[in-house]
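Chemist: For B:95, B:119, the entry in TrEMBL reads NADPH binding site. Residues annotated as domain 'Homoserine dehydrogenase catalytic' in TrEMBL: B:158-363. Annotated L-homoserine binding site per TrEMBL: B:217, in sequence order. According to TrEMBL, the active site, proton donor annotation covers B:232.
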């Protein structure tokens, strides 16, 4: 097999972790003949014009040196560079860039493989989803590249691979339910813990604490609006056979009180949130009166075609209520598994476990190139 | 791609479910060009001498008709037949036959792929494990066939695939712990339930009930001796990098009281077991006094190289204690996942979910044949 060329776009938290894991993998598996030919950030790039391998140990310094150039223009200039590589190319998109995702069909139809934790391509308009899979080898195009995106849901947890295997082997998905956001998991585990005692903290104080500990986006509204969870549900629904038009085409319960949607900053938002603590406390206490806890979940039902994201109460003995820290949990209810679902649980966010999901996908491509 | 030939040995519970699932898969994926050329039971076989596809809808009647012949002699006659097929061959071993497992290296080194839920090849002497992987494409032999055995641990649950991906992407396995036997899961969930109240049933009564409900082997000693769990731990340990010599080379706590090991029948054993109820009740009550429950688990620790199988107590709030019915649970503690393990949970036994694990492996082979 000729060299397999790896082109990496995005070198932030996940990108850095990915490059480090890729370097380890390449060292342990010299026969995989991996050559990284592109490492690109938003303002600078390392481009190996002769397709010889970039140095994965000094890339960070090299990006700051005279060796760095301006990034290739997407998609045309990048496509020309990658198409001319003397062997297979795997494009690793470690960004969350929607415009790059819109070029996936072009790259794939030119035989370039794609692995990515970027949700945008798979959770935006259904038209883009269809174009991506129509262009891909694993969507029916024999000349296309492979596309894998395990880390778009649950980071490194085996969520999409498990769902695909259930479907491919002929099981019938009935329902998928779970906690898909590390932020929401942490937030409700601290606001409404199993033992009911959180030291009297209101919801706003819990949000502020989560923000300070780095569990939320810089502006917590980007978590509390529910869109991140809705994007993950969109991906799961589509892989389960439901044609979800977009991540906003089903009910999403936002935890941002209406009057605060227009708050001018995260601080102003957090300032105002305390005034709504009573509403959340009431929901929490109503759940407790029934021996339950409130959690922020996503769920889909294949038969009723219902997809939804929002607050629900769960019996204290349930797996969802028992979740700890910022873990995710995903329960697959299927015909074969019957009443007790197949469950996958663990950290669903973080640079290392996300990068692991991306590298796992890259290995899946390598296995198909032999 | 030429026809891919499937040769199925074993058509009992799992074998029947597998053939039914395979028929569905072949119908949904005509481009996979699957041709089943052998369906073999212990006394009779359907052999397609001209390599045209056997009928997967009438195979059961055909096996009872004049179309059936004596099984091919293993390994020589079977190998000659499979080697002469005009295209790739996947051997599906749905037996629990150790002598067939001993022939895997021979089949693999002749380019024949193997998928199987049969634990014997992977959990017996370490020499056989090494021979199997040395002969396989996914063990370093470029001319060998692929071998996959997901269903040897946790049936259709993604256990081995998850472990392999953790290892391949460079994570460090620290500890694996879990309940690996549906029988033991059911038994202890009914003997020592979370709420402490099982209606006053002793351990022997629980075993008898589990046997009557079909949750144990016909002779419950085949479950209670712990060897089934030990075989699964052996496989997990080897994939984690521990050279376990055999499934009896580490401590296994048998739940068969010494004086009953020589009981002449399952009935005589069950008759005598009640006399030892006091021992188990004491263990159960000691756990309860600590707010815990007793469970039959397997665990391995990579750093201390410790592998063990037996009774342990678990805090009532733990995931292991919260398991329901006859479910399995497997917790992977790794460097990347830190304190909260990656957990896979669900039914770990039963014909349909086991067959699904085998068919999933067959699909993995197909993906690598392109």
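Placement of Cβ uses the backbone N, Cα and C atoms for every residue, glycine included.
A TrEMBL annotation is a machine prediction, not a hand-curated record.
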Chemist: Sort out for me which one of B:119, B:232 has the most neighbouring CB atoms within 10 A, since those are the recorded positions we care about.
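Modeler: That would be B:232, with the most Cβ atoms nearby.
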Chemist: With the cut-off set at 10 Å between Cβ atoms, which of these binding-site residues ends up with the most neighbours? Options: B:95, B:217.
Modeler: B:95
Chemist: Could you measure between residue B:119 (NADPH binding site) and the residue listed as 'active site, proton donor' for me? Cα positions, answer in whole angstrom.
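Modeler: A Cα-Cα distance of 8 Å.
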Chemist: Compute the average pLDDT of the predicted model within the domain 'Homoserine dehydrogenase catalytic' (B:158-363).
Modeler: 96
Chemist: Tell me the Cα distance separating residue B:95 (NADPH binding site) from residue B:232 (active site, proton donor), rounded to the nearest angstrom.
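Modeler: About 16 Å separate the Cα atoms of these two residues.
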Chemist: To the nearest Å, how far is the Cα of the residue listed as 'L-homoserine binding site' from the Cα of residue B:95 (NADPH binding site)?
Modeler: 16
